[in-house]
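One structure is given here, and the rest of the page talks about it.
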Amino acid sequence: MIPFSVRVPASTANVGPGFDSVGIALSLYLDVVVKEKADKWQVIHSFEESIPADDKNLIVSTACKVCPSISPHIIEVTSNIPLTRGLGSSASAIVAGIELANQLGNLNLTADQKVQIATNFEGHPDNVAASILGGTVIGALDGKDVSVVRIESKELGVVSLIPNEELNTDESRSVLPKMFPFHEAVKASAISNVLVAALCQKRWEVVGEMMERDHFHEPYRLELVPLLPSIRKCAKEFGAYGTALSGAGPSIFILAPYEKRQEIAGQLARVFTDMKVCELEIDHKGIIVNKEEHIGS
């Protein structure tokens, strides 16, 4: 087999009230170069030592669950997606593993099938669907049924503020209530409905307003990310549409006019000097497989 590579974009989830449903692919990437067969799986990477370099690696273990018959290979993994920062690092690894199985096992999976499999692993479709399809996605998992709609948002730019501290998703979910009053659920879902409608109609000011009015999760996570209100205030003053937690946090996700993203990022970097401020774009391609002969040569 000709060596091939897989590129998977990062993602942000929720966009405020679109909890476990709305996702956006971002221009940070996990790259996997698949090299020669081997007696056992070898994962070449320069991440921290806690990231496995064998068949326990999330990419490899996912691939082997999808297609147990695939032969071990040497793979090289690089990524500029920060780990445990709310930017879909684990989702991108799961998606890469599914594509690894798809290619090595000649499964010929459709995009919809990849989304279904990835959602089964992840438990919700927002991050994985965005990484597979690119762009902005709205998804729902109902039992075993996954439904996803993709929309374009090319007029939008993204700024992300990434703190030095990690925040495990399980820890961030632990602060959420186990029960939600009916009247609060009605209010929260109505706001989410307007967010989705505004995304579809490209009414960006309304998108920004709705993404800052979440009731599902952000009020409970403020204790873990206390800078969110001040970042939100500054971003709005600098011309952003809206600000929200990126996934479970701790990163902050800002939607802005595409042409203003650099200026807004620069202004925020001067205020929040203890955080890494990234000017990003929405990735519209999703997962990419490259089978050109020069890969790995």
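Note: Cβ is positioned from N, Cα and C throughout, glycine not excepted.
Pulled from Swiss-Prot, these are the features on record:
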BINDING   P82, L83, T84, R85, G86, L87, G88, S89, S90, A91, S92  ATP binding site
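Of the listed binding-site residues T84, S92, the Cβ environment within 10 Å is emptiest of other Cβ atoms at T84. Taken residue by residue with DSSP, S90 (ATP binding site) is part of a helix.
Secondary structure at P82 (ATP binding site), taken from DSSP and collapsed to helix, strand or coil, is coil. Around the Cβ of G88 (ATP binding site), the same chain contributes A10, S11, T12, A13, G23, L26, I81, N127, A130, S131, G247, each under 8 angstroms and 6 or more positions distant in sequence.
Each of the binding-site residues P82, G86 was scored by other CB atoms within 10 A of its CB, and the lowest score goes to P82.
With a 10 A radius on its CB, S90 (ATP binding site) counts 17 other CB atoms from all the protein chains.
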